[in-house]
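Chemist: Next up is a structure, given as structure tokens.
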């Protein structure tokens, strides 16, 4: 496929998958009723309009936005760390966001949706700083960052389990669904804060695409060309934390989307971040929407959390990357 | 304190004064003075670990000196903003790595980074500088090829094209011919020579091959243990006594049958 056709193709896939997700489910919605509801007509088929607009649309929007945020965060992380295995999930940035959001929820007896991203962002940023600080030896290498990140990720998982000991039983159930990574509890109140964090984050990443292009060369070449490479890398990591935190606050620590989507984007869009970042965001959105659609229809009425499905696809993909890397 | 009389030589473009550079726990360069004349090709030579790469990095403003200063046209480069400096001095590190899938043109375009404002577009000056860099390095026909598909010599030329697109007057290269076969080495050195002779560029290259340095460079600077032990023309620098002292290797020096440049040939007596 030519690169010029990539944008329209991804847009078409997004719209197609969104419409399918709105139509398919416990109750199938006929095309006419679906389009009517989307046009704002609640009167002719009120039940269908309610299902489409109040139940499925926020769920689709949540999956699309969170997937886009995770995909873009992964693309930024892979560039800054210069490692195709770098991913906010593996590095523990998602887990840091989750622990902070959990702790905040416990402390305040339930976090309002608008406040959760702030806690998550603090956790993600704290985790990113910890990874950076612990792997710093007068400069840092990408392999050290990954190893430190994997270690901190495990610790954060333990911390999340510890925190949940103190939760009441009903809160605990909700927490566990969220920790598995799920868009099932989608409401418009969670969609808006996610959009308010994700869209500016994506815009910032796009505005910084030229800096990211240069960071991909490594600090030596970047500095020789006049870039303040350490500062640029630090800001890029903060941006990655912001995007990851936005997604985690809304849908929990969904794994592997941030790994797979940037790989697809790299294949599809090539090295320029101006093309690669939107492709990574779109791929992430498609992945999470597809995971949720399959998860809620495959063995209905039981709903498989989307995060479980992305792990089922992602873990073998990660193993394949490692295997390929060893034989490259 | 009276200033020492300046030596009669072309006006220096880059100067190091009392330069100290250290890595954590280890001084690499201690109290080094050096003047690099404009519009000439200077070769930095010396044994492994003598500090020549570190010196090159310091001259490019990429290794902060612990003491002393590097002057560009008389101005301390530590006070010049990185982008502004990159518009005047280009540095090609040893064995640079490009992201996967990059084309030659994509690479050369990166050379315009220091000229572009944060959100600025691609100007006609940018396009002209890239076209000129591709022309000088004879890469016009290969511009759309991916870097991975080029030969070692072509790839090195592409990297040099990137530094040329920066449009500066000085070009510093760290071992630009290492890992290339002899034909590709020749190609790269001839290109550097052309840049000096036809474009008036100031080129400083760290080189391992003494005979190559003697053939192509206007001046040679020989280092040992973080200090300059000799500088001047190839005839002045490449002598049996000095090579025995610096490299601990007995050699005879004979003029090249091609151009008379001094050639150091190991006698085998030290092995």
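Glycine residues also receive a Cβ, built from the backbone N, Cα and C atoms like all the rest.
What TrEMBL shows for this protein is this:
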type	residues	note
TRANSMEM	A:60-77	transmembrane segment
TRANSMEM	A:89-109	transmembrane segment
TRANSMEM	A:115-134	transmembrane segment
TRANSMEM	A:146-171	transmembrane segment
TRANSMEM	A:231-261	transmembrane segment
TRANSMEM	A:273-294	transmembrane segment
TRANSMEM	A:306-323	transmembrane segment
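I'm curious about the neighbourhood of these features; can you describe it?
Modeler: Away from its own ends, the transmembrane segment (A:115-134) comes close to residues 88, 91-101, 103-105, 108, 140, 145, 148-149, 152, 156, 193-194, 197, 234, 237-238, 240-242, 244-246, 248-250 of its chain (Cβ-Cβ under 8 Å, at least six residues beyond either end).
Below 8 angstroms of C-beta separation, residues 81, 83, 85-86, 89-93, 95-96, 98-99, 102-103, 105-106, 110, 127, 130-131, 134-135, 179 of the same chain, each at least six residues beyond the ends of the transmembrane segment (A:146-171), sit close to that stretch.
Residues 62-63, 65-67, 69-77, 79-80, 85, 87-90, 93-95, 97-98, 101, 116-117, 119-121, 123-125, 127-128, 132, 177-183, 190-191, 193-194, 197-198, 201-202, 204-205, 208, 211-212, 214-215, 219, 222, 280-281, 283-284, 287-288, 306-307, 310-311, 313-315, 317-318, 321 of the same chain lie 6+ residues outside the transmembrane segment (A:231-261) yet bring a C-beta within less than 8 angstroms of a C-beta in it.
When Cβ-Cβ distances below 8 Å are used as the criterion, the transmembrane segment (A:306-323) is approached by residues 63, 84-85, 90, 180-183, 251-257, 259-260, 263, 287-288, 291-292, 294-295 of the same chain, each at least six residues removed from its ends.
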Chemist: Could you tell me what the rest of the chain brings near the transmembrane segment (A:60-77), counting residues at least six beyond its ends with Cβ under 8 Å?
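Modeler: Distant Cβ neighbours of the transmembrane segment (A:60-77) are 14, 18, 21-22, 86-89, 91, 93, 183, 186, 190-191, 194-195, 197-198, 201-202, 205, 212, 236-237, 239-241, 243-244, 246-247, 250-251, 254, 257-259, 261-262, 265, 273, 276-277, 280-289, 291-292, 306.
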Chemist: In terms of Cβ proximity under 8 Å, which residues at least six beyond the ends of the transmembrane segment (A:89-109) contact it?
Modeler: 70, 73, 77, 81, 115-116, 119-124, 126-128, 130-131, 145-146, 149-157, 159-160, 163-164, 166-167, 171, 175, 179, 240-241, 244-245, 247-249, 252-259, 318
